[in-house]
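Undergrad: Before anything else, here's the structure in question.
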Amino acid sequence: MSLSNKLAITDVDLKDKRVLIRVDFNVPLDADKKITNNQRIVGALPTIKYAIENGAKAVVLMSHLGRPDGKANPKYSLKPVATELEKLLSKSVIFAENCVGKETEEIVNKATGGQVILLENLRFHAEEEGSSKDAEGKKVKADKEKVEEFRKGLTALGDVYINDAFGTAHRAHSSMVGVDLPQKASGFLVKKELEYFAKALESPQRPFLAILGGAKVSDKIQLIDNLLPKVNSLIITGAMAFTFKKTLENVKIGNSLFDEAGSKIVGDIVEKAKKNNVKIVLPVDYVTADKFAADAKTGYATDADGIPDGYMGLDVGEKSVELYKKTIAEAKTILWNGPPGVFELEPFANATKKTLDAAVAAAQSGSIVIIGGGDTATVAAKYGAEAKLSHVSTGGGASLELLEGKVLPGVDALSSK
């Protein structure tokens, strides 16, 4: 699956076409169904506006919201999103009470002049995800013929298909892979994701550095395996580093997290790194705590002394930060997935902040810095650094699967240039 040769919205003639766009409007709602964060809606505006400005007859938007488990549930209606979208676009938005069916087709086919239509939640139909849950919460597979019918129903609403929902790209859902139109292109959000991940995974400027944090080695094994033949250096940080330190150097780690299953593959990882001439950088000092809490009694430990029993490492120390900064400054492409410490608790946020500062400095001086979604994207947002980095991925699970070398069904389904 090449990331760099997929058709984009800018390659397609939209004039007088019904443009069917899969967006991600899975926004948080409060008890009164008020949207508490409209970031995802704002993120889709460039694609929606481009379709309107380039002469689309109708702009048909489809999305999921929450987990209604294949049944209509007013709690998960996209209706509040239609109101918010009208405000943001300063343009009327027609809300269709169903995402498929005769009435919806009539609304879409009547539309002219770039009319925006928002369809009701795709996941009100079991055929979107391919399954639903019964009263006992057991998964019930959707009927194959009904899935086909549902996909035909979506296909009937457009002349051109645009996918701008990267966060769902790792799911083979009907709206991601089942729309059968001659041209299937990425919207601006997906286009940017693909461009940047291609810059890292297909043609990186070197030296190429990956910074990997996280709790368990065993959770990141596919990621490490896929990146080792591609990178020049690898910083292993976060709780996962303790499994490396104890296994490789017999460092005392006290009550820090130790991944028994992961420890068995540490040797193989180091071996593979040597074979690929990859420099592995591990932390050398730690900020410790007697409990996992902001008001914990804190301490400091080095490799030589180790972490005493009753204490656990919740962040890395200044010497480690200096090592990271030096490695980051040498790199031309930096991919960061996983923070060095428990940044949610202020006493253990120092290394994360300083690593972020170094990443920002690298981006400002011309390196490509990509944040691979999840917790690290939260870090970038928390400290207001998103605009200062090359790219912050919006897809948690999708980014991870891409970095693990897996094919993303939603990307794979797009037309090639």
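Note: Cβ is positioned from N, Cα and C throughout, glycine not excepted.
Keep in mind the model is a prediction, meaning the values are calculated, not measured.
Below, the features straight out of Swiss-Prot:
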BINDING   VAL23, ASP24, PHE25, ASN26, GLN39, ARG40, SER63, HIS64, GLY66, ARG67, LEU122, ARG123, HIS170, ARG171  (2R)-3-phosphoglycerate binding site
BINDING   GLY214, ASP219, GLY238, GLY338, PHE343  CDP binding site
BINDING   GLY214, GLY238, PHE343  ADP binding site
BINDING   ALA215, LYS216, LYS220, ALA239, GLY313, GLU344  AMP binding site
BINDING   ALA215, LYS220, ALA239, GLY313, GLU344, ASP375, THR376  ATP binding site
BINDING   ALA215, ASP219, ASP375  Mg(2+) binding site
MOD_RES   SER203  phosphoserine
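I'd like these features described in context: how deep, what's nearby, how far apart.
TA: Same-chain residues at least 6 positions away in sequence with a Cβ under 8 Å from that of GLY66 ((2R)-3-phosphoglycerate binding site) are, in sequence order, ASN26, LYS75, TYR76, ASN121, ARG123.
Annotation for GLY214 (CDP binding site): spatial neighbours LYS220, GLY238, ALA239, MET240, ASN337, GLY338, criterion Cβ-Cβ under 8 Å with sequence separation of six or more.
A coil conformation is recorded for PHE343 (CDP binding site) in the three-state DSSP classification, outside any helix or strand. Annotation for PHE343 (CDP binding site): spatial neighbours ALA349, THR352, LYS353, VAL379, LYS382, criterion Cβ-Cβ under 8 Å with sequence separation of six or more.
Taken residue by residue with DSSP, LYS220 (AMP binding site) is part of a helix. Cβ neighbour count for LYS220 (AMP binding site): 25 (other Cβ atoms within 10 Å of its Cβ, all protein chains included).
Counted within 10 Å of its Cβ, the other Cβ atoms near THR376 (ATP binding site) come to 28, all protein chains included.
Taking a C-beta cut-off of under 8 angstroms and a sequence separation of 6 or more, ASP219 (CDP binding site) has no same-chain neighbours.
A C-beta separation below 8 Å, combined with a sequence spacing of at least six in one chain, links SER203 (phosphoserine) to SER4.
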Undergrad: For the binding-site residues listed here (GLN39, SER63), tell me which residue's CB has the most neighbouring CB atoms inside 10 Å.
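TA: Compared across GLN39, SER63, the most Cβ atoms within 10 Å surround SER63.
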Undergrad: Out of the binding-site residues ALA215, GLY313, GLU344, ASP375, give me the one sitting nearest to HIS170 ((2R)-3-phosphoglycerate binding site) by CA distance.
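TA: Nearest candidate: ASP375.
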Undergrad: At the Cα level, what's the spacing in Å between GLU344 (AMP binding site) and ASP375 (ATP binding site), rounded?
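TA: Per the Cα atoms, GLU344 (AMP binding site) and ASP375 (ATP binding site) stand 10 Å apart.
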Undergrad: Report the same-chain neighbours of ALA215 (AMP binding site): residues 6+ apart in sequence with Cβ closer than 8 Å to its Cβ, ordered by sequence.
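TA: Residues satisfying the criterion: GLY238, ALA239, MET240, LEU257, ASP259.
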Undergrad: Given ASP375 (ATP binding site) and LYS216 (AMP binding site), what distance in Å do their CA atoms have, once rounded to a whole number?
TA: 14
